[in-house]
Structures are given as structure tokens and as C-alpha cells.
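S.K.: One structure, as C-alpha cells, below. Some questions next.
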Amino acid sequence: MNMKILVLVAVLCLVVSTHAERHSKTDMEDMEDSPMIQERKCLPPGKPCYGATQKIPCCGVCSHNKCT
């Protein structure tokens, strides 16, 4: 009886780990194809900027509170 339970637990662990591995590979492929990952947003020249503390960086350099 105990042996059957051990075998059942081992098989369930194997199935769950295989399922998780498949999903992690699929998620990585989706992430590589995602336009959100490939596209970097930045502020164009002339837009106001505040240095390193701003959420969206300048495409160039922040100089005198303007992107250049």
C-alpha cells in the first residue's frame, strides 16, 4: 500500500514538472515575439526631461531639462 502511494506521488511530481517546463518554454517564445519587449520607448528631441529619475528616458541625452 505504501509503495503504491510512493509511486503515485513520484508520477504526479514528474507530470507536474514536465507540464511546468513546457509552459515555461512557451512563455519564453511568446516573450521573444512580443512587440513590447522589442520596442523601447523614449522621448524625442525637444520634449521636457528630468534626468535619471524620469520613467521614460530620452532617445538621446537630457540637457537643460530638454531631450536632445
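Even glycines carry a Cβ here, placed using N, Cα and C.
In case it helps, Swiss-Prot gives these features for our protein:
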DISULFID  Cys42-Cys59  disulfide bond
DISULFID  Cys49-Cys62  disulfide bond
DISULFID  Cys58-Cys67  disulfide bond
SIGNAL    1-20  signal peptide
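So that I understand the layout, could you describe where these features sit and how close they are to other parts?
M.R.: Of all the Cβ atoms in the protein chains shown, 14 others lie within 10 Å of the Cβ of Cys59 (disulfide bond).
Annotation for Cys49 (disulfide bond): same-chain Cβ neighbours under 8 Å, separated by at least 6 residues, are Leu43, Pro57, Cys58, Cys62, Asn65, Lys66, Cys67.
Secondary structure from DSSP puts Cys67 (disulfide bond) in a beta strand.
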S.K.: Taking DSSP as the reference, which of helix, strand or coil describes Cys58 (disulfide bond)?
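M.R.: DSSP call for Cys58 (disulfide bond): strand.
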S.K.: Output, ordered by sequence, the same-chain residues six or more apart from Cys42 (disulfide bond) with a CB under 8 Å from its CB, or 'none'.
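M.R.: Spatial neighbours, sequence-distant, of Cys42 (disulfide bond): Ile56, Pro57, Cys58, Cys59.
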S.K.: Starting from the Cβ of Cys58 (disulfide bond), draw a 10 Å sphere and report how many other Cβ atoms land inside it.
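M.R.: Other Cβ atoms found within 10 Å: 19.
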